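J.: A single structure is presented below for examination.
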């Protein structure tokens, strides 16, 4: 890790800040809240922002970043911005248009990282979640290798500096890596990862291929109704995190964040509270002992908060495999 900017280098030579701010909001939250939170995060020291077309917040996030550039707080080159192509735009001919729509909303010339959001195609169209008359998602089939070639073209066109994937299992990653004529490897795989789902095998696989693991849901998310079983155990109530928080004089959230950073994982965190956003920057101020890291490893129970259950039955549903 480059400690000056708290960055790691990607396999294409670009750098990614190891702590990012996620801009997905719970349904009950007005999307305009993303603008306020992004400004708070920039003022707190965040330079890495993770978004996606399906979040419907890119116009607000872009406005916040542009206002902070205009007032001299940051420069565009100080910001690392990630967007993602949604499942309805995975046909190769739709990928660039999706990225261009995001750029239009952001009023940016480029994004720093563009990801395939899920390896599962849905019927193309205006609806993000197209359903049939029975309310079932309308699945589609697409050659993900062809989708990847369209991603490579976006990089060549200068619309994104780096390209990667999200929610891919190791077999789906291998399919891209083994693609004949591969021009660019995915720089990262963004997946759910926290002490209850530590992704040890996927992390080892990604490291062996020089692919960075980016973690979302690092504090165990309870907020996304419809996506998360609200009866799931609350990660931050885990007694081990509580006792370590006392030992290091930090919060359980900071222990969970620090755990991932020390494993070489890039961490995304979202908070709706200003004091929490600022507090999360303290993750660089302390270090967990190797003994405590082993204890945290022992919390794994392969438990997903976000199993993308609405996609179950899709031929490319990634979570059937062990990793």
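Glycine residues also receive a Cβ, built from the backbone N, Cα and C atoms like all the rest.
The active site, proton donor annotation in Swiss-Prot covers 55. Annotation source Swiss-Prot lists NADP(+) binding site at 20-24, 50, 166-167, 190, 216-224, 270-280, citing experimental evidence. Marked as substrate binding site by Swiss-Prot: 31, 117. What Swiss-Prot records for 84 is site 'Lowers pKa of active site Tyr', and it gives similarity to another entry as the kind of evidence.
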J.: Which one of the binding-site residues (190, 280) has its C-beta surrounded by the most other C-beta atoms within 10 angstroms?
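T.: The residue with the most neighbouring Cβ atoms within 10 Å is 190.
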J.: Enumerate same-chain residues with a sequence separation of six or more from residue 272 (NADP(+) binding site) and a Cβ-Cβ distance below 8 A; give 'none' if the list is empty.
T.: 25, 26, 29, 33, 37
J.: Distance check, please: Cα of residue 219 (NADP(+) binding site) against Cα of residue 117 (substrate binding site), rounded to an integer number of angstrom.
T.: 20
J.: Can you tell me the three-state DSSP label for residue 20 (NADP(+) binding site)?
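T.: In three-state terms, residue 20 (NADP(+) binding site) counts as strand.
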J.: Whole-number answer please: how many Å between the C-alpha atoms of residue 84 (site 'Lowers pKa of active site Tyr') and residue 20 (NADP(+) binding site)?
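T.: So the alpha carbons of residue 84 (site 'Lowers pKa of active site Tyr') and residue 20 (NADP(+) binding site) sit roughly 15 Å from each other.
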